[in-house]
Amino acid sequence: RNENSESSSNNKLKQNKRCKQMRDRRNNVGSHRGERPLSCKTCGKRFYFYSDLNGHMRSHTGEKPYSCETCGKRFSQCKNLTRHKKTHTGERPYSCETCGKGFSRGCHLTRHMGTHTGEKSALCL
């Protein structure tokens, strides 16, 4: 057995479990009423979901517990790692109906559509 590959597999399983736990903890507290009852104790920014608040808190601490197994780049939020992985796979699930160009993120397609309509859209976050 190769201990490095076994260790790598265990790390991936732990990371995937942590991502799932974060998704499972998303409590929809007050969002149906338009409220954002959860707030950051450091800066006061408000959130609907515990997972978003927890991810935001890592922006203050600098903690980046999620890492890309392909390139090693680290992320504070699981959703950002998931989005980053598409840079390695070339996945582009959003296509322009006008010219056929593909995009990895829906907001990039929306911004691109402005080249056809002349409208400017907000930047992605």
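Heads up, residue numbers simply count up from 1 along the chain you see.
Using N, Cα and C of the backbone, Cβ positions are placed for all residues, glycine too.
Model, not experiment: these values are computed from the prediction.
Taken from TrEMBL, the feature compositional bias 'Low complexity' applies to 1-11.
Here TrEMBL flags 21-36 as compositional bias 'Basic and acidic residues'.
Positions annotated as domain 'C2H2-type' by TrEMBL: 38-65 (among others).
Annotation source TrEMBL lists domain 'C2H2-type' at 66-93 (among others). Mean pLDDT for the domain 'C2H2-type' (66-93) in the predicted structure: 92.
Per TrEMBL, the feature domain 'C2H2-type' maps to 94-121 (among others).
What TrEMBL records for 1-36 is region 'Disordered'.
Helix, strand and coil residue tallies for the domain 'C2H2-type' (94-121), in that order: 12 helix, 4 strand, 12 coil [DSSP].
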